[in-house]
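*Asks:* Below is one structure. I have some questions about it.
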């Protein structure tokens, strides 16, 4: 009877432990989508029913402060690293690295030079190092080998590939036999049209409506694939856009000799590399050049921009006021819409919306930083974050309080310039699970030892009788 009781107890303890594990959910799935240049208030310029559908059944952040400079590549890399540009190294769309004597430009193949990207580790690599798989459809940097890795699946950048084809690939990767848990999707508009038309143009209305239809298509495909209720969808952007005009031009040729400097990056933040021996002359000429141009020595750049501690940031930074355009002369291209300005300006701010099992419903939040997205992603994916400048605490109120955990999310304790110090509550929620598992394991081990011990003791008399019986001589007939 005692033996049966111990056996039943052992089974119950084992079941209790297995239940502890089985109560943990499947791996969270995340799809991060960027509509390039989608300014925060585009949501209200024309009817955007699909964006508002996500706002109603998900979360919305009204003000997202991105990083300086407010350009495409620096901010897309910030979204997936949680770092300021000075820390992740992609400081502009066009750069020069004086240490390696190498250039980086969107228009050239040197964007595939891994060394430019390896001052940071993007989230798809961290996700894969944790044993998971990632898929990227045109997200900037995902077709570059970084730290000897690509995403598990990726589409080499080709702007002619339709939004629908990009969505099809993402759906395919999420529903394959070995599904991804992290997807990244990028679309070039409304940025392209915002540059050509200007954000205040009435012609931007149809462009925004088209983006809303594309979002509607994505939602439809996720529902068709039965992913809508299981996947966490995050919709964001890299920057906004502001209106420019031909009356607000700053021509560098009026103030500087072309032979005295190299213009590394252009409007509205001009990165200027003076020729040897010409620094003071160039700096003084620019300082008094134009009332709508503010000029900084690299070491004097305002701390709030976090834009001085990197060798790829040039010795002189000239920043135009909002709506003003810097060019060498009027023969250069002029854009009716532009971005790159001070990240404190509202017109530079992008959108942020999210929907999924991890997020609250019909919840609106006033503000966050774009650096905060990275620790949020790590939390959702249950992976340990690399050192970053964001704060999970700033965005944890976006989450459903019942959101389950699979493994503990750990925010790095390594602080970078401008970082928010990790707090004890960043770890909150992971301890009960491990305490439960530990106690369950101890109970099972104790019951197992007692059961085996009892089993051995109960079998000793039978073994002695068997031994005695074998030892008896065979009776002769």
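Keep in mind that glycine also has a Cβ here, set from the backbone N, Cα and C atoms.
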*Asks:* Given Swiss-Prot annotates 191, 195 as Zn(2+) 2-binding, which of 50, 52, 339 belongs to that site as well?
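*Replies:* The record-listed residue among the candidates is 339.
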*Asks:* Going by Swiss-Prot, 36, 238, 239 bind Zn(2+) 1; tell me which of 65, 72, 81 is listed for that site too.
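*Replies:* Among the candidates, Swiss-Prot records only 72 at this Zn(2+) 1 site.
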*Asks:* Sorted by position, what residues of the same chain at least six away from residue 329 (N-linked glycosylation site) have a C-beta under 8 A from it?
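*Replies:* In sequence order, 251, 252, 253 meet the Cβ cut-off.
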*Asks:* Around the recorded Zn(2+) 2 site, report the further residues of that chain (criterion: Cβ within 8 Å of the mean position of the Cβ atoms of 191, 195, 339; site residues excluded), sequence-ordered.
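*Replies:* Apart from 191, 195, 339, the close residues are 36, 37, 72, 192, 194, 239, 241, 335, 337, 338.
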*Asks:* Around the recorded Zn(2+) 1 site, report the further residues of that chain (criterion: Cβ within 8 Å of the mean position of the Cβ atoms of 36, 72, 238, 239; site residues excluded), sequence-ordered.
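*Replies:* After dropping the recorded site residues, what remains is 34, 37, 70, 71, 75, 76, 191, 237, 339, 350.
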*Asks:* Give me the Cα-Cα distance between residue 36 (Zn(2+) 1 binding site) and residue 191 (Zn(2+) 2 binding site), rounded to a whole Å.
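*Replies:* Cα-Cα, rounded: 5 Å.
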*Asks:* Here's one to test understanding: among the glycosylation sites 292, 369, 382, 389, whose C-alpha is closest in space to the C-alpha of residue 191 (Zn(2+) 2 binding site)?
*Replies:* 369
*Asks:* List nothing but the one residue from 195, 239, 339 whose Cβ has the fewest other Cβ atoms within 10 Å; the candidates are the binding-site residues.
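*Replies:* Output over binding-site residues 195, 239, 339: least Cβ neighbours within 10 Å is 195.
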